[in-house]
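Peer 1: Feature annotation from Swiss-Prot assigns Mn(2+) 2 binding site to Asp287, Asp299, Glu437; the stated evidence is similarity to another entry. Annotation source Swiss-Prot lists Mn(2+) 1 binding site at Asp299, His382, Glu413, Glu437.
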Amino acid sequence: MSNRRKNSLYPTLSAELSALMRTGWADTERHDLAPAEQAPYAALRRAALSARFPGERLVVPSGNLKVRSNDDTYPFRSYSGYVHMTGDQARDGALVLEPRPDGGHDAYCYQLPRDSRDDDEFWTGAHAELWTGRRRSLAESERVLGLPCRDVRTAAADLAAVSEVRTRIVRGIDPALEAAVTTDEERDAELEDALSDLRLVKDAWELGELRKAVDSTVRGFTDVVGELSRAVASSERWLEGTFFRRARLEGNAVGYGTICAAGEHATIMHWTDNDGPVRPGDLLLLDAGVETRSLYTADVTRTLPISGTFTPLQREVYDAVYEAQEAGIATVKPGAAYRDFHEAAQRHLAARLVEWGFIEGPAERAYELGLQRRFTMAGTGHMLGLDVHDCARARTEEYVEGVLEPGMCLTVEPGLYFQADDLTVPEEWRGIGVRIEDDLVVTEDGHENLSAGLPRSADEVEAWMARFAG
């Protein structure tokens, strides 16, 4: 046979080699696999989703590989709604909730099965197991997920064959599955909204994963402090790499693009180039989070004096942000409006900016007009979980306009950013950026700061750096 590949050093495949490759392989089926730790929690989440859409078929894909360049792909990351509902992270999968005539749904999962040794695909395919690693068999997946599993290669035909069932699918994740079903865009959006709604309150297992993520992140920040002196001779990249090493060692990776911003880069909200110099006397704003192997992420920010101590002006700005964060954190408790922490922090920053003469007062009027936003830029926090900006599609009345409940996890992250080219502030203020961010869980009687292991006040930061700086 001939199987020509452009510019391959092996442009042909002989029948003899093909026959040789198909024989002599051991049976590696694993019969010792137990259900995943999160499987019973995922079953409860599916039941909650089922209750929202009686009589309708629901399709939640995991997603496909995305090309980085040529034949190189990005590391795969499953759609968070799929992970939440299944505990699975495999590519090319899909959860289907099939409505039962008597109510409720039957759940099953489409998976990409193992490559057969009866043809050449297992070693010649673009993503063949012999090249990229062993996948789980369908039987293995059933044992791990606690769900019936089917071959995803028949999914499009299966779904298209039962076209009379009213169906919703999460759009933009798997084009082939999306093309196989006839759905309504507005109704599909409601499914995605519901998947976000159901992540607003974390269960006990999720909170445990978030604690792991934050604890690893605390260790990663300590690693960075120990490498500051080396980074002065290199760049922000050295510190980004230092944190990434911890993330890979203890978790899956980083949960989002690390912001490692020294000097005036600290005034750029989402600086991820991380290629600038690290200079003594400047501040380093590090916004980073470890993502666990279950894909839950931390999101923590500290602003550090590279020399180990704040200058008087740096400390003045830092203290203003710290006090604003304290005001925001104090509001986090069950029954409080979600917006309370944001409003408390922003009111404090507006008052300080009026006091400094950078915006026109009185402070309450400045806040009501949003004048502080020239220097605060973003909102003061967000939900946290499988995504760094978790529950982004949740209904507004349940999220931003909702009230806090035990089990919710959110960040509180006020900041002040005086751009290097901002002529409305004195020259010595320009290029100073400060943000402090912590991860909080709402408890029955208040809140728990998961990231309390990292110092926050200026004095605490300086003492911590003196202890760990290399």
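Positions of Cβ are set from backbone N, Cα and C atoms, glycine also.
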Peer 1: Measuring Cα to Cα, how many angstrom lie between His382 (Mn(2+) 1 binding site) and Asp299 (Mn(2+) 2 binding site)?
Peer 2: 10
Peer 1: Tell me which of the binding-site residues Asp287, Asp299, Glu437 ends up closest to Glu413 (Mn(2+) 1 binding site) in space, Cα to Cα.
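Peer 2: So, of the listed binding-site residues, the one sitting closest to Glu413 (Mn(2+) 1 binding site) is Glu437.
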Peer 1: Around the Mn(2+) 2 site formed by Asp287, Asp299, Glu437, which additional residues qualify by having Cβ within 8 Å of the site's Cβ center?
Peer 2: Ile259, Ala288, Gly289, Val300, Thr301, Thr411, Glu413, Arg435
Peer 1: Around the Mn(2+) 1 site formed by Asp299, His382, Glu413, Glu437, list the extra residues of the same chain whose Cβ is within 8 Å of the site's Cβ centroid.
Peer 2: Asp287, Val300, Thr301, Gly381, Leu384, Val388, Leu410, Thr411, Val412, Asp438, Asp439
Peer 1: Around the C-beta of Asp287 (Mn(2+) 2 binding site), how many further C-beta atoms are within 10 angstroms, looking at every protein chain?
Peer 2: 25
Peer 1: Applying a 10 Å Cβ distance cut-off over all chains shown, what neighbour count does Glu413 (Mn(2+) 1 binding site) have?
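Peer 2: Result for Glu413 (Mn(2+) 1 binding site): 25 neighbouring Cβ atoms inside 10 Å.
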Peer 1: Write out the long-range same-chain contacts of Glu437 (Mn(2+) 2 binding site), meaning residues 6 or more apart in sequence whose Cβ is under 8 Å from its Cβ.
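Peer 2: Spatial neighbours, sequence-distant, of Glu437 (Mn(2+) 2 binding site): Asp287, Asp299, Val300, Thr301, Arg302, Gly381, Thr411, Val412, Glu413.
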Peer 1: What is the Cβ neighbour count of His382 (Mn(2+) 1 binding site) at a 10 Å cut-off, with all protein chains included?
Peer 2: 20
Peer 1: Would you mind pulling the DSSP three-state label for Glu413 (Mn(2+) 1 binding site)?
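Peer 2: DSSP call for Glu413 (Mn(2+) 1 binding site): coil, neither helix nor strand.
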Peer 1: Does DSSP give Asp287 (Mn(2+) 2 binding site) helix, strand or coil?
Peer 2: strand
Peer 1: May I ask you to report the DSSP-based helix, strand or coil state of His382 (Mn(2+) 1 binding site)?
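Peer 2: It is coil.
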Peer 1: Neighbour count, 10 Å Cβ-Cβ cut-off, for Asp299 (Mn(2+) 2 binding site): what number do you get?
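Peer 2: Its Cβ shell of radius 10 Å holds 29 other Cβ atoms.
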